[in-house]
Amino acid sequence: MTTVITAILILFGLAVVFGIILGYASVRFRVEGNPIVDQIDALLPQTQCGQCGYPGCRPYAEAISNGDAINKCPPGGQSTIEALADLLDVEAVPLDAEHGEEQAKTVAFIREDECIGCTKCIQACPVDAILGAAKQMHTVISSECTGCDLCVEPCPVDCIDMIPVETTIANWKWPAPAESRNLNLIATDRGRGELQHQEAH
Amino acid sequence: MGKVFAFHGGIHPPENKKQSTRTPIRKAPLPKLLYLPLQQHIGMAASPLVNVGDRVLKGQMIAEPVGRISASLHAPTSGTIRSIGPHPVPHASGLESDCIVIESDGQDEWLEHKGLEDYTQLEPSALIEHIRRCGIAGMGGAGFPTDVKLHLGDDHIVNTLIINAAECEPYITADDMLMRERAHEILGGIRVISHLLKPSHIMIGIEDNKSHAIHTLESVLKGCDLNIDIRVVPTKYPSGGERQLIQLLTGLEVPSGHIPADIGIVCQNIGTTAAIYRAVHHGEPLISRIVTVTGDAVAQPQNLEALIGTPFADLLDAANVYENKLYRLVMGGPMMGVTIEHDQIPVIKTTNCIIAATIDEMPPAPPEQPCIRCNMCEQVCPVTLLPQQLYWFSKGREFDKAKHHNLFDCIECGACAYVCPSSIPLVQYYRFAKSEIRTEEAEQRKADHARERFEARQARLEREQEEKEARRKARAEEAARAQKARKSAETETTAAEPVQDINALKTAAAVARTKLKKAQKALDAARDSGEGDIPALEAAVQAAQTSSEQAQQALEKAEGAKPAAPAAVDTKQLKTAAAVARTKLKKAQKALDAARESGEGDLATLEAALKAAQESADQAQQAFEQAESGASTDAAAAGPDLKQLKTAAAVARTKLKKARDALKNAEDKGLEGLDKLRATLTTLEQKADEADKAYKDAESAAGASAAPAQAAPIDMKALKQQVSIMRTKLKKAEAALDGLEGDERTQAEQALEELRQRHAEADKAFKAAEQAQIDAAAAQGVDLKQLKIDAAMARAAVTKLERALAKTEEAQERTSIEAELVTARDKAEQLNKTLQQHEPA
């Protein structure tokens, strides 16, 4: 009998000790906010364009963490979808065309002599990339522009263009090496180089 | 000679260096046009200092550095600036970039220049600034601005200076020829560098295939006071790589992600030392360099001293290129160089070699075969990476893994691709992966930056909202406080001043009465049921009664005091009071009559009440009349209020009409009191006439005073309104005219005529004012902007509508949009026209 009581007491004691430890840990090491939202937000392109139907990237990140589809971000494109699928361990799905298509990166440009200084675009810009004051010409700080498109609609004189980002030496990328078409041939079948030799002559 | 260490891997490709060392360095002929890219190095592009059409002299600075890692640019010869704009530049992408184009005038006229007297006496920073101003950049690889490297002594302990003369890549002999012919310049440059960096040990790393150069250097260094070692290293590609050479000479490996200076070593290209010598001793900026022009497609492979900016075509011509044999043009060596498509690409500070290759020399790359995992690439990699793994990761786009396998330590030497039996273009894969990773990182940085900005903006908006809210609250509080203060001030003044808010007092009295009633009721109920705290209720009733009485008293007092209020005689109020008194009188009369008829009630009281009412009514009427006469004289004296007068006149007329009607009625019915009515009518007529007259006088006076007022600031809006009012009146009058007959008609017609005249006048005035305004605006050019804005808005509206039209499919909507579009277009066109009319002014 005593053994049974001892065992129960020991188990009870252990339960109390671990309960205290866990209770302390849950207070001491409490995680503020939802870390997965931060991780998702870090993967989103931060254009804040709202094409996903949410008012910015973070709200969409929150929606994804609550189970929304991961394919609603056209600016991020397929690579973002893949990264999200990787993070959340779900199937990567193609981009939902309903929310727009993946387009080349653009930057807003104000035709300055047509600008009337209404400040409407300034209010629309989610990243404060437009400079200007009332009745003064506005201009876009192109290095800060995310190409979200949100300034185009409010302009009363339609003087904002979305210009595709030009490829310059600074942002040029090496292309992927072309896939070989003769992958299935063995070297002896092919007459390496000679054929091309003749063609060239 | 000290010990030479070894590095992992490396290859031994055919050297092909003999062809171009047969003849001495020759000056390339002066080209007609020189193209100087603003960016010839990593870092920021230089900013042009000259304008198109300017004449520049040889050695004149034409672009200044922007930021720390940037180099200035100098005119390589005298001539005029022809253009500044995009031109193909030496870059793997084949893209264009901004270049300054100089048209040479053939005189090659130098800007006045001289070297520094004694650089050893100069402040190191001044000496480095001189080198920076001379645009010296690394002439070996990336073209890193030399002044930045010379500053390394400030925050690093530099104990070893290595001069890179290995020139390991096949074909290239530019450094070899430089050493053979200009060894003293090299030594001079080394002296300057060592003066700045103060290394304890200087080593010149040179491959053993350049025996001539080694010999010349040794002879020059004989008797040199500096601690310079010539270290001959075995010929092996890529021993000329900075990190490989450091490993060869010192046995030390530069850690990944660090620069050589972190382990106390600075490496300089041998060509750079010669350029530094020229800059310091002769004051010559970096405007030329030695370029090896070689390959089987040129008749005389040789080294040419070419001006920076010389198009490759000119150099190829100088070396007699066989156009028909030329298959491929390579800039740089065969291992790390890039094929270029365009022979107008200019020489830049880092161009060391141009290979004009025949097809036999550099055949097209054989097709890529599958990797057989032979591991040969790993054996030759000088950085001891795992090229095969990197290849798989790059091909599979697993860039993260590639990065973990130190992809960024790859120097892209091409040794792996050279030995690959499957002819896999490995370096291309690595370059692709690297640029993908860089782009991704740049995008990530941009995204983070955008997030930061977005969050900052959100925070700002929130803060502004809060501030607004706080301000609103503060305002509300302020208002409440002010209200309170006013109230307390009012209660204070009640005692002192009899003038107070009777209404408020009345309400208070009424409230007190209601309370009293309620209390009474409660008390009654309590008494009836016998429950509740009767004494308390009684006390409450008592209190309510007292307060009610007090309120009533206060009210009465105030009311009593009111008539004493002098000056401010409110006729309206008086009128109301008189009317109320009259009504009361009537009621009293009625009550009395009823009482008499029924024979009940206290007749005496009623009569007394009637009398009192009559009295008060009389008093009120009197007061009112007095006030009115006073007010009217006041008003007349002060300045005639047209509107009021007009109303008064109209009222008088109406009254007159009513009185007439009443009289007629009475006459018809033969009722008594006709005389009285007649008398009233006469008075009324008189009054109406007076009012009319007063109004007309006032109007004419106003018209006289308004005319000059109009002349000054033209109130267009008011004028316009006036005109339209006139028009309406005219129309109405015309309509009324149809319904009239006889005398009235003639009268009306007269009136109409008058109206017409007035309308015409007003219209004229309005038009004149408008014209004057437009003229003034046109003269000042103020309106132009507004016009422009209007025109732009109209245009935008048109485009927006067009877009909407294109989008909508429903027929009904379409027609409405189309109609809108037409009006919008008209408006836009009109505005445009006006704008065009005014614009030349």
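Positions of Cβ are set from backbone N, Cα and C atoms, glycine also.
Annotated [4Fe-4S] cluster 1 binding in TrEMBL involves B:CYS371, B:CYS374, B:CYS377 plus, out of the candidates B:CYS267, B:CYS413, B:CYS420, the residue B:CYS420. TrEMBL tags one of the stretches B:1-22, B:67-88 as region 'Disordered', and that stretch is B:1-22.
According to DSSP, B:CYS410 ([4Fe-4S] cluster 2 binding site) sits in a coil region rather than a helix or strand. In space, B:CYS416 is the closest of the binding-site residues B:CYS381, B:CYS410, B:CYS413, B:CYS416 to B:CYS371 ([4Fe-4S] cluster 1 binding site), judged by Cα positions. Close to the recorded [4Fe-4S] cluster 1 site, the chain also has B:ILE372, B:ARG373, B:ASN375, B:MET376, B:PRO387, B:GLN388, B:TYR391, B:CYS416, B:VAL419, B:PRO421, B:SER422, B:ILE424, B:LEU426: residues not among B:CYS371, B:CYS374, B:CYS377, B:CYS420 whose Cβ is within 8 Å of the site's Cβ mean position. With a threshold of 8 Å between CB atoms, the same-chain residues lying at least 6 positions outside the domain '4Fe-4S ferredoxin-type' (B:401-430) that come near it are 9-11, 13, 237-238, 241, 243-244, 256, 335-336, 365-372, 374, 376-383, 385-387, 389-391, 393-395, 437. In this structure, the binding-site residues under consideration are B:CYS371, B:CYS374, B:CYS377, B:CYS381, B:CYS413, and the one with the smallest number of other Cβ atoms within 10 Å of its Cβ is B:CYS374.
The two recorded residues, B:CYS410 ([4Fe-4S] cluster 2 binding site) and B:CYS420 ([4Fe-4S] cluster 1 binding site), show a Cα separation of 16 Å. The Cβ of B:CYS420 ([4Fe-4S] cluster 1 binding site) lies under 8 Å from the Cβ of B:MET376, B:CYS377, B:LEU426, each of these being in the same chain and 6 or more residues away along the sequence. Cβ proximity to the [4Fe-4S] cluster 2 site centre (mean Cβ of B:CYS381, B:CYS410, B:CYS413, B:CYS416, cutoff 8 Å) flags the following additional same-chain residues: B:GLY9, B:CYS377, B:VAL380, B:PRO382, B:VAL383, B:LEU385, B:PRO387, B:ILE411, B:GLU412, B:GLY414, B:ALA415, B:LEU426, B:VAL427, B:TYR430. Counting only residues at least six positions away in the same chain, the Cβ atoms of B:MET376, B:CYS377, B:GLU378, B:VAL380, B:CYS381, B:PRO387, B:LEU426, B:VAL427 sit under 8 Å from the Cβ of B:CYS416 ([4Fe-4S] cluster 2 binding site). Counting in whole angstrom, B:CYS413 ([4Fe-4S] cluster 2 binding site) lies 19 from B:CYS374 ([4Fe-4S] cluster 1 binding site) by their C-alpha atoms.
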